[in-house]
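Undergrad: For reference, the structure I am asking about is given below.
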Amino acid sequence: YTLLCYKTPIPINAETCPPGENLCYTKMWCDIWCSSRGKVVELGCAATCPSKKPYEEVTCCSTDKCNPHPKQRPD
């Protein structure tokens, strides 16, 4: 079984993760355009949940397409 995760960059597509990568992750942080464009969002597959830097938000999940882009989620 291989997991389906959304991956950036845009266009954001759900892709099959490589064997051994059984988590989807969402990583968000602010860059210099944060006030006008919002947070930078990185989506992808991982074998282990990426470690979080102090300025980042990282969430991981383990079901197909469980990491949609925050702006694409219904409110």
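Cβ from N, Cα, C; glycine included.
Relevant sequence annotations retrieved from Swiss-Prot are reproduced here:
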{"type": "DISULFID", "residues": "CYS5-CYS24", "note": "disulfide bond"}
{"type": "DISULFID", "residues": "CYS17-CYS45", "note": "disulfide bond"}
{"type": "DISULFID", "residues": "CYS30-CYS34", "note": "disulfide bond"}
{"type": "DISULFID", "residues": "CYS49-CYS60", "note": "disulfide bond"}
{"type": "DISULFID", "residues": "CYS61-CYS66", "note": "disulfide bond"}
Undergrad: Among the disulfide-bonded residues CYS5, CYS30, CYS45, CYS60, CYS66, point out the residue whose Cβ has the most other Cβ atoms within 10 Å, with all shown protein chains included in the count.
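TA: Its Cβ has the most other Cβ atoms within 10 Å: CYS5.
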Undergrad: Counting Cβ atoms within 10 Å across all protein chains shown, which of the disulfide-bonded residues CYS17, CYS24, CYS34, CYS49, CYS61 comes out on top?
TA: CYS24
Undergrad: Among CYS24, CYS30, CYS66, these being the disulfide-bonded residues, pick the one whose CA is nearest to that of CYS60 (disulfide bond).
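TA: Given the candidates CYS24, CYS30, CYS66, the nearest one is CYS24.
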Undergrad: For CYS34 (disulfide bond), what is the secondary structure by DSSP, using just helix, strand and coil?
TA: helix
Undergrad: Any idea what DSSP makes of CYS60 (disulfide bond), helix, strand or coil?
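TA: Strand, per DSSP.
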Undergrad: Sorry to bug you, but what's the C-alpha spacing from CYS66 (disulfide bond) to CYS5 (disulfide bond), rounded to the closest Å?
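TA: Distance between the two Cα atoms comes out at 7 Å.
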Undergrad: What's the CA to CA span in angstrom from CYS30 (disulfide bond) over to CYS45 (disulfide bond)?
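TA: Spelling it out, the Cα of CYS30 (disulfide bond) and the Cα of CYS45 (disulfide bond) are 21 Å apart.
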Undergrad: Please name which of the disulfide-bonded residues listed here, CYS17, CYS24, CYS45, CYS49, is nearest in space to CYS61 (disulfide bond), Cα against Cα.
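TA: Nearest candidate: CYS24.
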Undergrad: About how far apart, in whole Å, are the alpha carbons (Cα) of CYS17 (disulfide bond) and CYS34 (disulfide bond)?
TA: 29
Undergrad: Going by Cα-Cα distance, which of the disulfide-bonded residues (CYS24, CYS34, CYS45, CYS49) sits nearest to CYS66 (disulfide bond)?
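TA: Result: the closest of the disulfide-bonded residues to CYS66 (disulfide bond) is CYS24.
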Undergrad: How many Å lie between the Cα of CYS24 (disulfide bond) and the Cα of CYS45 (disulfide bond)?
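TA: Their Cα atoms are separated by 5 Å.
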Undergrad: Given CYS34 (disulfide bond) and CYS49 (disulfide bond), what distance in Å do their CA atoms have, once rounded to a whole number?
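TA: Their Cα atoms are separated by 24 Å.
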